[in-house]
Amino acid sequence: MLQLRLLPTFSMGCHLLAVVALLFSHVDLISAETEMEGEGNETGECTGSYYCKKGVILPIWEPQDPSFGDKIARATVYFVAMVYMFLGVSIIADRFMSSIEVITSQEKEITIKKPNGETTKTTVRIWNETVSNLTLMALGSSAPEILLSVIEVCGHNFTAGDLGPSTIVGSAAFNMFIIIALCVYVVPDGETRKIKHLRVFFVTAAWSIFAYTWLYIILSVISPGVVEVWEGLLTFFFFPICVVFAWVADRRLLFYKYVYKRYRAGKQRGMIIEHEGDRPSSKTEIEMDGKVVNSHVDNFLDGALVLEVDERDQDDEEARREMARILKELKQKHPEKEIEQLIELANYQVLSQQQKSRAFYRIQATRLMTGAGNILKRHAADQARKAVSMHEVNTEVAENDPVSKIFFEQGTYQCLENCGTVALTIIRRGGDLTNTVFVDFRTEDGTANAGSDYEFTEGTVVFKPGETQKEIRVGIIDDDIFEEDENFLVHLSNVKVSSEASEDGILEANHVSALACLGSPSTATVTIFDDDHAGIFTFEEPVTHVSESIGIMEVKVLRTSGARGNVIVPYKTIEGTARGGGEDFEDTCGELEFQNDEIVKTISVKVIDDEEYEKNKTFFLEIGEPRLVEMSEKKALLLNELGGFTITGKYLYGQPVFRKVHAREHPIPSTVITIAEEYDDKQPLTSKEEEERRIAEMGRPILGEHTKLEVIIEESYEFKSTVDKLIKKTNLALVVGTNSWREQFIEAITVSAGEDDDDDECGEEKLPSCFDYVMHFLTVFWKVLFAFVPPTEYWNGWACFIVSILMIGILTAFIGDLASHFGCTIGLKDSVTAVVFVALGTSVPDTFASKVAATQDQYADASIGNVTGSNAVNVFLGIGVAWSIAAIYHAANGEQFKVSPGTLAFSVTLFTIFAFINVGVLLYRRRPEIGGELGGPRTAKLLTSCLFVLLWLLYIFFSSLEAYCHIKGF
C-alpha cells in the first residue's frame, strides 16, 4: 500500500517541481507585467496575464489588481478549490464507471443446438470488449477532459479556448509517458507483462498518433488558423471509424476472413469468447430470439459462429477444477476456519485473479484513495455474511413454528418375531408446549395379519403440558412356522388440543389446525422378521451413491426371513473404476458374525476425499456364502487365538457343522485345523436322515437378491455447491454495482480499510488506517451528495450513466473556471495551466488504476493498452464535438471559426514525435532479453521509466518555452 500511495505522489511532485521551475524562469516577466492593465492583455500573447475573464459559472473576483498578499491568498483558494473539485469528479466518475461496467456486462441468452439435436442454453455478452473499451470505457475515463473542452467552447460564445484542447493534449502526454513509466517500474523485478491483443494495440496506437497529426494538419496545413465545418465533423466521425478498425482487428474480419473461429466459454467472466482453429466437420448451431445463426444467415458475435460445445464444457470444467484447487489449498492452509470464512477467502482470491476491465481498476483506485476500502474484500465478506444470515434465518423459522406437529420419530420399525412387543415413539414439536394435545393411533394389516402375526391395537396418546415424546407398544405373536418377513401399519389421526374455552376442554376440529396438526411421517411401517430360519443375507439395494467427503461409509447387511443361530458372512471390496490401496478407497475384507436374533450388521469402508469438482468412480462390495456357526466352532475360534488344536467335524447334508474340539497337551507354534469329511454322498439315506436333511435345507442361511453392491463415489455436494456459487459470482458488475439508495448511503458514510500487503488473510477484519480516515472525511461530502445518483440496478445502469455524466459536466465547468482564474491570478497562460495542473488532476485516478492493473493483471492491456485508445478518443470526441459545434454555429452566422495554431500545433507536433519514441521503446521491450512491455530486469525497468519521465519533462519544458515565446512555434 505504501508503494501504491507514494508513486503517484512522486509523479505529482514532478509536476509541481516543473511548475516551480517554470515560475522562477519567468519571474522577470511576471514582475514586469504586474502593473499591466486589462486592455494591455492583447499586446503581449507571449506573457501571462493577471487580467481574469468571467468564467462559465464563476464570476470575476474583484478587484482585478490585488496586492501581492491577496494574490497569494486568492491563488491558494483557487488551488484548494480546484483540488477539491478534482476529488468530487473522481468520486462521481467512480459512479459513472460503475454504470458503464454494468452496461457492458449485459448478457443475452442463446440456445445451442448440438449435432445430436439436443439443445442447451447459455449466455453471451452483448458488448464486444474492444468496442466497449473504446467507447463507454474511454468516455468514462476521459469524461472530464472531453466535457471541459465542450463546455469551454459553448460557454464562451463558441470561441476557441486554450484550456480544453491543451488539457486533452497534456492529459495524453501524461498518460503516454508518466503512467506507462509508472507501470513499467511497479511490476516486481524479474516479472514481465505483455500486451495480449497486440494488433488492437497497433491500431489504437496508430489512431492515437494520427489523431494528433490530424490536429496539426487542420490547424496549420489545410486551412491555417481556421477550422471549417467539414474538418470538425470529420474529426468527430474519425471516432466511429477508429472503433470499427479496432473491432475489425480484434475479430480478424479482413485478413483472417477465412480462418475458422471457434467460441468457448471464458473462464473469468463466464462469457463466450473466440479463438481460431481448424474447421470441424460437424457444426453446432446457435439460436437467439428464435433465429438460427450461422455464417450464411447472420453475422452474429462478430463473425461466423460455430460453437464447440465439447470444448466449452472442457473450459468450464477447467474453471471448476481451478475453483476446487483454490478451496483445497485454502482448507489445508487454514484448517481452523469455518466454511463461511473459506468461502470468503476463495471468493476474494477468485475475484483477484480474474481479468478485469479498465472501469473496474478505475473504480478500485478511486475507492482506495477516498477511504472506501477494497471493493473485492467487501464483496467477499458480504457474500459470506449473507450465507450465514440465510442459514440463521432458516434455522430460526424452523424452531419457532407456531403450530405443534405430531409425528412418528421414524417411518419404519423392525422387530423379531419373538420380541414380544415393539415400541413406537411419537414426537411433538413446535407450538405452545403448555397445551395438552391428544392424538389417536390405530394398527392396520399389511402382509401381516392381526391376531396371527400381531395384536390389533388402537387408542389415544395424551401429551401433557411440557411433554414432547410418548411411546406406544404393539404385541407381536411368535410361531414356529417358516415364513417371509411381514409388515403392518400404524396410523396417527384426529389431533385435538385441550382448551378451557370449551365446556369439555377439547377444541373443536375447525380450531385445531391453528394450534396442532399431524406432521410427517404420520404413518409408521413395522416389519416383523421371522426367527425360525437362519436368515437370508442381502444388501439393502444393488447400487448406492456416496459423497467422497463421507470419510467412513457404512453399508448395512440385512438378515431377513429369520434370525436363528449364529452365522458368519464373509465380505470383501473389489476395484472398479475406483482404485483401492488408499487412492480412492481403502481395501477392506473380513467377516461379519450375526448373533442369534441379530438382523443387521454394518461394513465400514474408508473413502478417500481428494475434493474433485466432478467425480463418478465405482467399486464393489461383495458378500460371500454364509455359514452357520455352532457354539463348538466359536470355542474353536477362541482357542485358535490361544494356539494349538485340531478340529474334527463332518459335513451334514452339504453344510459344515462343527462338533468337537480336541485340544493338545502342548500347543504347537502353528495352528493346524483338520476337518474330516465323514459323510459319503454315495451312502443311501434313511427316512429319518432324509427328514433331517429337508429341515436343515429349509433352515440353513442363504444369500439373498443383492449380494454385490455397486458403490458410486461422487463429488461432495457441499464442495460442488460452494464451487458453483463461486463460479456464479465472478461477474464484476455485481461487485461494483449497487442495488438500492440505502446501500449507497451506507457505503457513503462508512470508512473502510484500504489495501494491505497480506492479501491471503483477507478473511480477517482490517481496521482503517489514518490515511483512510483522513481521505474519508475530506470526501464524505461528495460521497453523500453522489449517493443520490440512481443505483446501477435501475434501467440496467443507464439511469446512473445519464445522471453521472450530467454531474461530471457541472463539476467540469467549475474546474475550468477555477483553473483559468488560478492561472490568471499567478500570471500563467491557460495552455500552461491546462497542460500541468488540469491534466494532473484528471489523470490521478487513471494513474492509480494503471498501477493496480500492472501489478495484478496477467497482461498489460488493462494498464497501458487502453492509454492509446483513450488518447485517440479524447481528440475525436473532446475536440471533434466542440469544434464541430462551434464551426457550425459560426458558419450559420456567416463567420469563420478561428483557432490560433501556434501553441496547440507545437504541442501536438512535440507530443507526436515523443509518442513515436514511446511506442518504439515498448515494442523493443518485447524482445526475449526483456520479455514484455512492462517489468523485466531492474536495470531495464529503471532505464525505461527514466526515459519516459524525461520525455514528459521535455514536453512540458518545450511547450512552456513556446507558450512564452522563448522558442518559435508554428
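A Cβ is built for glycine as well, from the same backbone N, Cα and C atoms used for every other residue.
Broken down with DSSP, the domain 'Calx-beta 2' (524-624) shows 3 helix, 57 strand, 41 coil. Feature annotation from Swiss-Prot assigns domain 'Calx-beta 2' to 524-624.
Residues or ranges marked as region 'Putative calmodulin-binding region' by Swiss-Prot on the basis of a curator's inference: 251-270.
Under the heading repeat 'Alpha-1', Swiss-Prot lists 138-178. Tertiary proximity for the repeat 'Alpha-1' (138-178) is limited to same-chain residues at least six positions away from its ends with a CB under 8 Å from its CB atoms, namely 11, 14, 55-56, 89, 93, 96-97, 100, 208, 212, 227, 358-359, 362, 805, 808-809, 811-813, 815-816, 819-820, 829-836, 838-840, 842-843, 846-847, 866-871, 873-875, 877-879, 881-883, 885-886, 889-890, 897-900, 903-904, 907-908, 911, 914-915, 918, 948-949, 951-952, 955-956.
According to Swiss-Prot, the feature signal peptide maps to 1-32.
Residues annotated as topological domain 'Extracellular' in Swiss-Prot: 33-71 (among others).
Model confidence over the topological domain 'Cytoplasmic' (93-133) is summarised by a mean pLDDT of 73. Sequence annotations record features per position, and here Swiss-Prot assigns topological domain 'Cytoplasmic' to 93-133 (among others).
Per DSSP, the topological domain 'Extracellular' (155-167) is made up of 6 helix, 0 strand, 7 coil. Annotation source Swiss-Prot lists topological domain 'Extracellular' at 155-167 (among others).
According to Swiss-Prot, the topological domain 'Cytoplasmic' annotation covers 189-201 (among others), on the basis of sequence analysis.
What Swiss-Prot records for 223-228 (among others) is topological domain 'Extracellular'. Broken down with DSSP, the topological domain 'Extracellular' (223-228) shows 0 helix, 2 strand, 4 coil.
For 250-797 (among others), the entry in Swiss-Prot reads topological domain 'Cytoplasmic', with the evidence type a curator's inference.
If you look up Swiss-Prot, you'll see 843-871 (among others) marked as topological domain 'Cytoplasmic', on the strength of sequence analysis.
What Swiss-Prot records for 893-903 (among others) is topological domain 'Extracellular'. Counted with DSSP, the topological domain 'Extracellular' (893-903) comes out as 2 helix, 2 strand, 7 coil.
Per Swiss-Prot, the feature topological domain 'Cytoplasmic' maps to 925-941 (among others). Only residues 6 or more beyond the boundaries of the topological domain 'Cytoplasmic' (925-941), in the same chain, are considered here, and those with a CB under 8 A from a CB of the stretch are 183-185, 187-195, 854, 860, 863-864.
Look at Swiss-Prot and you will find 963-970 (among others) tagged as topological domain 'Extracellular'.
Taken from Swiss-Prot, the feature transmembrane segment applies to 72-92 (among others), supported by sequence analysis.
The transmembrane segment feature in Swiss-Prot is assigned to 134-154 (among others); the stated evidence is sequence analysis.
Away from its own ends, the transmembrane segment (872-892) comes close to residues 134-135, 138-139, 142, 145-146, 148-150, 152-154, 158-160, 164-165, 168, 171-172, 204, 207-208, 210-212, 214-215, 227-229, 231-233, 235-239, 242, 899 of its chain (Cβ-Cβ under 8 Å, at least six residues beyond either end). Counted over residue pairs separated by six or more positions, the transmembrane segment (942-962) shares at least 3 Cβ pairs under 8 angstroms with the transmembrane segment (822-842), which defines the two as touching. If you look at the transmembrane segment (798-818), the same-chain residues 6 or more away from its ends with a CB under 8 A from one of its CBs are 55-58, 78, 81-82, 85-86, 88-89, 92-93, 95-96, 98-100, 102-103, 143-144, 147-148, 151-152, 155, 163-164, 786, 789-792, 838, 841.
Summarised by DSSP class, the composition of the topological domain 'Cytoplasmic' (189-201) is 4 helix, 2 strand, 7 coil. Contact between the transmembrane segment (229-249) and the transmembrane segment (202-222) is present: at least three CB pairs lie under 8 Å, with pairs separated by 6 or more positions in sequence.
Panel annotation: around the topological domain 'Extracellular' (893-903), residues 158, 160, 162, 166, 219-220, 224-228, 232, 829, 831, 883, 886-887, 959, 962-963, 969-970 of the same chain, lying at least six beyond its termini, place a Cβ under 8 Å from a Cβ of the stretch.
For the transmembrane segment (904-924), same-chain residues at least 6 beyond its ends with a Cβ under 8 Å from one of its own Cβ atoms are 162, 165-166, 169-170, 172-173, 176-177, 180, 205, 208-209, 212-213, 215-216, 219-220, 831, 835, 864, 868, 933, 944, 947-948, 951, 954-955, 958-959, 962, 969-970.
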